[in-house]
């Protein structure tokens, strides 16, 4: 049971302090089927079945010694009473009738008949042969504990070895691809771009100031009583439990139709928020829009009170990787890039999606970051179909972005979704060997890569949620809720004909309109 907990450190709430709200309580640490788990389980069974059985077998068996060495004389003589052997009274027999006062009972006990001796128990006068010799007992004890130790060691070593192996395998390739792309270099290719360095320094300073400020939040917004609520709406604790086995739920046709509805609502609400983005608007106003549009459609804003999250939407600006909390003091400025992450709960199912938005005119580096993020996301989507392993998604994303000089987050992941906000499979956005299963028709999950200009390694703000890049570099993200179909994949939160589009999507949208 140790190894599956350690096998997915990004999604283990008891072992990490990741800021992702799906890493708090919800993502299950289900049994992953690792060999180490089997070994640990076998060892535990041996300890339970062998040791307690053998140790306890001599209770109530006073006339037979359970463990004894060959040639060891009997410690229980013929004529000894069962009560005395049981420990209720000191031993009393004809052979030890000369014991001093206070060491023997004055009661007249019923004697046990003498044991029959034979060549097999010669040297152990007064009792039949032992069930196990002490040497055998020690051997079995050592074997059982050795198995237990091996199970625990493998439980710890298995995920560590796989993580180190995956990192080593991708490190050389990543370094080579970054060098080829001129990562971290200026136009001359030999030094860091001084303009970029100043920009990052400014962002780090701004992040420090924001980190040190207070984080005032308004009271939690009310949701009408007639709207169905998720299990955590009142106390913040999701009640959906992890599956007992690492088996990804296959949605029924009825479930899929319900998820299409929740996905459609999530897209409509997200579109409303993206249209409202402009310089000078506060992130709290965007939260107001998302909350109002969600309940107007009879749905519940899923982030609200999920493990205590205080708002109805996540707004992540510039260097914020994810889970930014809206507030009235944070105003969007010309040149910012913003991710809006919307999830709704409708008729028992969640729909989750996010989109990037430009605030006014942005610099070319910001446009390139957002487009590369979108493109790597699309490349990952292309490989999804029945029979593909979920672990393959991360490799496609990491290869694509590192070749272009960007970095992908290893701290935050995509996830299964349905009745539960977050469940299996875990979808990693980097090279990994995690055993998350194989895609099958009826699986629903998200892909949501978070890509940064510099390092995507993140830190957590004092609000307990906002995750930002350590070096202050900007980050971007896109997300859909997907369904695996018989012949491929379907985006349940796909854009509508009226949805806002990215600059590179406009020619395609215009071409489609011309065809119509």
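Cβ atoms are placed via backbone N, Cα and C, with glycine included.
TrEMBL labels come from automatic prediction, so no person has curated them.
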Region 'Disordered' per TrEMBL - which of 129-150, 217-238, 239-260: 217-238
17-46, 47-76, 167-196 - the range that TrEMBL marks as region 'Disordered': 167-196
Stated TrEMBL location of region 'Disordered', expressed as one of 91-127, 276-312: 91-127
Residue numbers, six or more beyond the limits of the region 'Disordered' (217-238), whose CB comes under 8 Å of its CB atoms: 25-26, 284, 287, 291, 295, 298-302, 304-308, 310-312, 325, 327-328, 345-348, 350, 420-421
Composition by DSSP (helix, strand, coil) of residues within the region 'Disordered' (217-238): 0 helix, 0 strand, 22 coil
